[in-house]
Amino acid sequence: MLTKFETKSNRVKGLSFHSKRPWILTSLHSGVIQLWDYRMGTLIDRFDEHDGPVRGVHFHKSQPLFVSGGDDYKIKVWNYKTHRCLFTLLGHLDYIRTVQFHDEYPWIVSASDDQTIRIWNWQSRTCISVLTGHNHYVMCASFHPKEDLVVSASLDQTVRVWDIGALRKKTVSPADDMLRLSQMNTDLFGGVDAVVKYVLEGHDRGVNWASFHPSLPLIVSGADDRQVKIWRMNDTKAWEVDTLRGHMNNVSCVMFHAKQDIIVSNSEDKSIRIWDATKRTGIQTFRREHDRFWILAAHPEMNLLAAGHDSGMIVFKLERERPSFSVSGDTMYYVKDRFLRFYEFSSQKDNQVVSIRRPGSMSLNQGPRTLSYSPTENAVLICSDVDGGSYELYIIPKESVGRSDYMQDAKKGAGGSAVFVARNRFAVLDKSSNQALVKNLKNEIVKKGTLPVATDAIFYAGTGNLLCKAEDRVVIFDLQQRIVLGELQTPSVKYIVWSSDMESVALLSKHAIVIANKKLVHRCTLHETIRVKSGAWDENGVFIYTTLNHIKYCLPNGDSGIIKTLDVPVYITKVSGSNIYCLDREGKNRVISIDASEYIFKLALFRKRYDHVMSMIKNSQLCGQAVISYLQQKGFPEVALHFVKDERTRFNLALESGNIQIAVASAKEIDEKDHWYRLGIEALRQGNTSIVEYAYQRTKNFERLSFLYLVTGNIEKLSKMLRIAEIKNDIMGQFHNAMYLGDIRERVKILENAGHLPLAYVTAATHGLTEISERLAAELGDKVPSLPEGKARSLLMPPAPLTSSGDWPLLRVMRGVFEGGLDVIGRAEEEEEEEGAGADWGEEELDIVDVERVIQNGDITAEDDEAEQNEENEEEGGWDLEDLELPPEIDTPKASSNVRSLFVAPSPGMPVSQIWINKSSLAGEHAASGNFDTAMRLLNRQLGIKNFAPLKPLFMDLHMGSHTYLRAFAMASVISIAVEKGWSESASPNVRNPPALVFKFSQMDEKLKAAYRATTEGKFPEALRLFLNILHIIPLIVVDSRREVDEVKELIEIAREYVLGLKMEVKRKELKDDLVRQQELAAYFANSKLQKIHMRLVLTSAMTICFKGGNYATAAHFARMLLEGSPNEAQAKKARQVLQACGDRKDANQLNYDYRNPFVVCGATFVPIYRGQKDVSCPYCASRFVPSIAGQLCSVCELAVVGADASGLLCFAAQTR
């Protein structure tokens, strides 16, 4: 059994397949009716108006209707398109067991526990006949598919066949009066529309089901006596033919299979049994563990069955319907109805070649599964599941083609699968030993080879190679060298399709396709929701495949799409141009013509064959939302433009591709504020100021216009904006424009007119307009505001523009393949536009929109007579318009003088600072580029640094030092220029060197000398500051050689020793009272690794302190150490005196210091950590600490966290970790 779909639900009592769509209705014991799509595996709808279990359900063959009958005595007719119950038929007095539509007449037959069968007319919605005669529950009733018969089964142990011929006649022509009279009598006294033809008795218990054979005069019935009986009938009588025994409990449903000569029955013994209808023997049994079966349904057209059980239902097939075939060049061998056939694609000739043995139908699914063909030897291998997997080898003589009588005894053998691997060799899979047996055409084993994975099936993979399929992977195995050539993890593979050049392979699973190359290197994976059926490669390297209901394509980059929808599944054998050759489930060859332009177009785009793309755009009917969104997604908005008629979409695409002309044209058509605004933004990005100006004018966005004129330095137009603001009585706008212009008198006038006299006075006084300020002071009288004393006055004056800039200059570039060739804007349109353009928009002065549009609140025009009137009315406060020259109509600015321009705006490059950090892991370079956050992250990762406060000034210095700054002109912002290391004039402008850093390793030498000097002079705080500065700079240093990397590490060590020692010395000097601790710190300082000169000074100091403190043994130890270190005369003399004075005297105080035991000093607590004791260290300076300090800030370098994980210092570009 091949399960296609399964549901989990309440007990299923009724099932019905739709004749055309992949739908099945299930009626449940809970009263719900479910509508499922078994192909997609989804629940489409549910209907729950019945009260109690629904036992019968049936789809109409041609109308969008189904009928249901339930335990609420109701028959309901539903329309599944409107999702509602159309009407209810009432009449039965007990549970309704089954309902069924007639294929032709508007009838429904129903069987009920009220011991009757009723026939209803669903158009007139009446009961037209009641069939009485059973004397117990009627368990089922159904129409004969062709004749006027009804069969019913009842718990009275009988099966009855009823003749309804009279009913048909009455339905077809109840015309004349006599018939009408007899019909009245019938309605009164019980009719003879349906008469019992036969009563079949033979079951010992109640009969649950009876059904007709689709074409033969046979009936099959199943009963509570656990038997299935076959009955035959003729015109006069019916009799029992045979009994099928095997079920262990009540048989609940039984039927003949429409396509095969078998009977299917199911039972409450939790099994479905398949019987051979001719031999009348059991073929196969399918069992469920816990669920009793109740109902069976067969698809009216397809080879599908469904069975309902206690916890849901299953849709299944009994046998595979995929024809086995093998394609070689222009020919194909395939198996159909016990014959091997030969098909030629070019001539479409189809011939029978050899009759092949048909296995006895002792079990299902024994037909040919796969076929392998060797063209040179004309040999065919046919594999099937007979005897647990076997193959047959046929060698076809050339002259036998077309002779149907040719017979041949095939060479046979056992094996999971068999394929040709060479001209006269084939490999057979022996699953038990996981070996491939290589055989010759005499069926003799030539060689054996163990396979590299647990193999389920083998496929051809080129001469001498096998593709072995395991559960979760496929492997290509070379049989000769016994090596694995490639391996790939995949979902369980069912079929394999090689391209004709054997360079690519498609691995087909149930719901996925994996494309790989010949070495099984993965290229792409496609997932499908419904089952993948077959596939073939076309000559362009596109994989064409079929699912249950579509033909689809898959491009080499993994993009896929639908080519055609299918009514029934087909199996592709070959793709040639726009023809797809395939086999259907009946084994018939079909040729399907397709339109390949969509995938050829996408392939040309993918392969960058833009000439093909161009010609396809010009010549083909490619269009549609899918192509447009595909082009947009792939970054070709300029190509998508040429498919689009919708102005909004054109506008969006034009903006995306930077095509200002088309955007302007579309914006004009749409004419919405938002679109003009967006156009303005894009034009501004491209520096196309005339279009920006036009866009702002169209939306009357005067504030933006003023600002645009300010930044482009267009003083003349700014003055006009001031006049417009005046006309519109927009005081704020006036004031802004006056500020932009730097017109002080205008500003004072505006403030005065607005009634802000104090502000007007302050403005006039500040800017030195004494006459006006005096006049205003007189008006204000006592209220004159006082100007602040001693404050430097700054004038609010905008910088004067050096030039009034127009559109940005454009780079000359090569014409792109899509420019020019794709101009959809018709040539005619272009010519018109060019005629209208008297002057190029780059130079022409753009005057402002006409005043009618500007001034909403009055009919103001610039005609002479009105202007004169205005002059006369000046005293009455009219507007003064005499010198405002406004044109009557505005032309649209053009982006450039010619639509077919060769100029495009340059795309912005990557800033140098970004280039610096792209490949660098050096913190110094990141800080220099200004990326402080990444520099900090790098330092944290490499050195565990957490305290960045000491590094902040260094970061700033690095950043400032690796950039230089140019002032262009007054209104422009400062331009920063990156300073590169080792720059020379001959260097290529495209090659960027790393940044020039202000901190160099060579400077460290000077810093170290200065720190040594301070130490020698005893300036300990100063020395400590210098050594710490060295430790803080080192993480940001970049060196040029590996030798210098070692020197940097050495420098860290030196600085660490000095910082630790100096910190102890500073601490010692702070302790005045604790003499013992003073001696300990002096002793620890003497343990540091210092320069000899400093070592002698430290030892002298430690010797002196210990001698004074009475610790003579320790003092003597230091004196001896001092004498060993070649001291100067004074130091040597002092040491000898101390040794003499100490003699053998002991220490007065116990110090935490044992010079015999090697130790290091904890950088935080200043106590010794002797060898063998646990400690933690700083990831940067490597100072050691007692374990309790872990997680705190290192007190030596003051940067890193003690005990943190870090990868180590990186200071050289080629340094690897």
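Cβ atoms are placed via backbone N, Cα and C, with glycine included.
Automatic, uncurated: that is what TrEMBL annotation is.
Annotation source TrEMBL lists repeat 'WD' at 47-88 (among others). Shown for the repeat 'WD' (47-88): DSSP residue counts in helix, strand and coil, namely 0 helix, 23 strand, 19 coil.
TrEMBL lists 89-130 (among others) with the feature repeat 'WD'. Within its own chain, the repeat 'WD' (89-130) is flanked in space by residues 14, 55-61, 65, 67-71, 73-77, 136-143, 145, 150, 152, 154, 162, 164, 167-168, 171, 191, 193-194, which lie at least six positions past its ends and keep a Cβ under 8 Å from the stretch.
Only residues 6 or more beyond the boundaries of the repeat 'WD' (131-164), in the same chain, are considered here, and those with a CB under 8 A from a CB of the stretch are 94-95, 97-98, 100, 102-103, 107, 109-113, 115-119, 193-201, 203-212, 214-215, 219, 221, 223-224, 231, 233, 238. Summarising the annotation, TrEMBL assigns repeat 'WD' to 131-164 (among others).
Applying DSSP to the repeat 'WD' (200-241) sorts its residues as follows: 0 helix, 25 strand, 17 coil. Taken from TrEMBL, the feature repeat 'WD' covers 200-241 (among others).
The feature repeat 'WD' is assigned by TrEMBL to 244-285 (among others). For the repeat 'WD' (244-285), residue counts in helix, strand and coil come to 0 helix, 25 strand, 17 coil, using DSSP.
As annotated by TrEMBL, domain 'COPA/B second beta-propeller' applies to 340-584.
What TrEMBL lists as domain 'COPA/B TPR' is 612-774.
Annotation comment: TrEMBL describes 815-1217 as domain 'Coatomer alpha subunit C-terminal'.
What TrEMBL records for 859-894 is region 'Disordered'.
Annotated compositional bias 'Acidic residues' per TrEMBL: 861-888, in sequence order.
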Folded-back contacts onto the repeat 'WD' (244-285), same chain, C-beta under 8 angstroms, at least six residues removed: 1, 205, 208-209, 211-214, 218, 220-224, 226-230, 291-296, 298-300, 303, 305, 307, 309, 318-319, 361-364
Chain residues outside the repeat 'WD' (47-88) and at least six past its termini with a C-beta under 8 angstroms from it: 13-19, 23, 25-33, 35, 94-101, 103, 108, 110-112, 120, 122, 125, 300
The domain 'COPA/B second beta-propeller' (340-584) [mean pLDDT, rounded to integer]: 86
Per-state residue totals over the repeat 'WD' (89-130) - DSSP helix, strand, coil: 0 helix, 24 strand, 18 coil
For the repeat 'WD' (131-164), the number of residues DSSP places in helix, strand and coil: 0 helix, 20 strand, 14 coil
